[in-house]
Amino acid sequence: MSPSFLFFILFLIKEMSSSSSANSFEDSKYKTDLLTVGLSSCCWKTPSSSPTPQSPPKRLLVATPVEEGEYPVVMLLHGYLLYNSFYSQLMLHVSSHGFIVIAPQLYSIAGPDTMDEIKSTVEILDWLSAGLNHFLPPQVTPNLSKLALSGHSRGGKTAFSVALKKFGYSSDLKISALIGIDPVDGMGKGKQTPPPVLTYEPNSFDLDKMPVLVIGSGLGEISPNLLFPPCAPPGVNHRDFFRECQGPAWHFVAKDYGHLDMLDDDTEGIRGKISYYLCKNGEERRPMRRFVGGSIVAFLMAYLEGDDSELVKIKDKSHEGVPVEIQEFEVKN
């Protein structure tokens, strides 16, 4: 075998490998671990002679690559009355592409008012600079100059509230990107949960050119049965959030999938079992979860890492790996 032919074969193997790992809708090359950081947890990196780092304000679930390196950070805020553990498969998907994903448990029981969640989110963001590094594996470093804030359902409303600095709470950390996963601002127009985020003025969200991704569910506006209302009602859902965004902003809607279809396949406990019946659902969760995870990865790779190849393929409808039918697609530049 000639050296040139051998080089050609190695080149093809490398290209096939990189192409495979680059598909944002599949798990990628980074090995990951799922960590629980409690209110009294200690740490990986602090020598015994050093002061114990302050624990986070809320219990955290952290999906992190385990290979040595510096990685962007994504905070994921859970939906109403859900547990952060219900998002573990989604978190590991995103983390496998080279991101540290942090999901706080903001509350166990909550009323309609979201001010406590907004305040807690800011407190956790402020804790990250001094605290996060101590609770990660020793070889892993968080890059907080590349920080994305995301949230699902009511957590999406909270994420927008924090990014907009609307209600007197703001973090010293700069948020580089914002993601709303089927965000919801209440039960309907005129029935927003306090404090309301939507103003019903197009392009009214002043985020200082922060890139935004809004993901919607095609079935979220449909009632699952006669007992329950829609989980993402018209007038307070993803369309309304995107309508108020300025560019750059992206809006994807997955057809035939519901408001909770990005959760884990098996969500345990009473709340986990109820999650299968509260909303109109698709046939299975995995495709929607892959779609949400892949869209987040493509968006963050474009705006945090400067690689827009996956996002462009989604935009051009040339991506062969999209696991759902995209019902709606909009971009504001």
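Here the Cβ of each residue, glycine as well, is placed from N, Cα and C on the backbone.
Listed features, source TrEMBL:
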- 1-22: signal peptide (SIGNAL)
- S153: active site, nucleophile (ACT_SITE)
- D182: active site, charge relay system (ACT_SITE)
- H259: active site, charge relay system (ACT_SITE)
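For the residue listed as 'active site, nucleophile', the same-chain residues lying six or more positions away in sequence with a CB closer than 8 A to its CB are G79, Y80, L82, I181, D182, P183, V184, C231, A232, H259. All chains included, 31 other C-beta atoms sit within 10 angstroms of the C-beta of D182 (active site, charge relay system).
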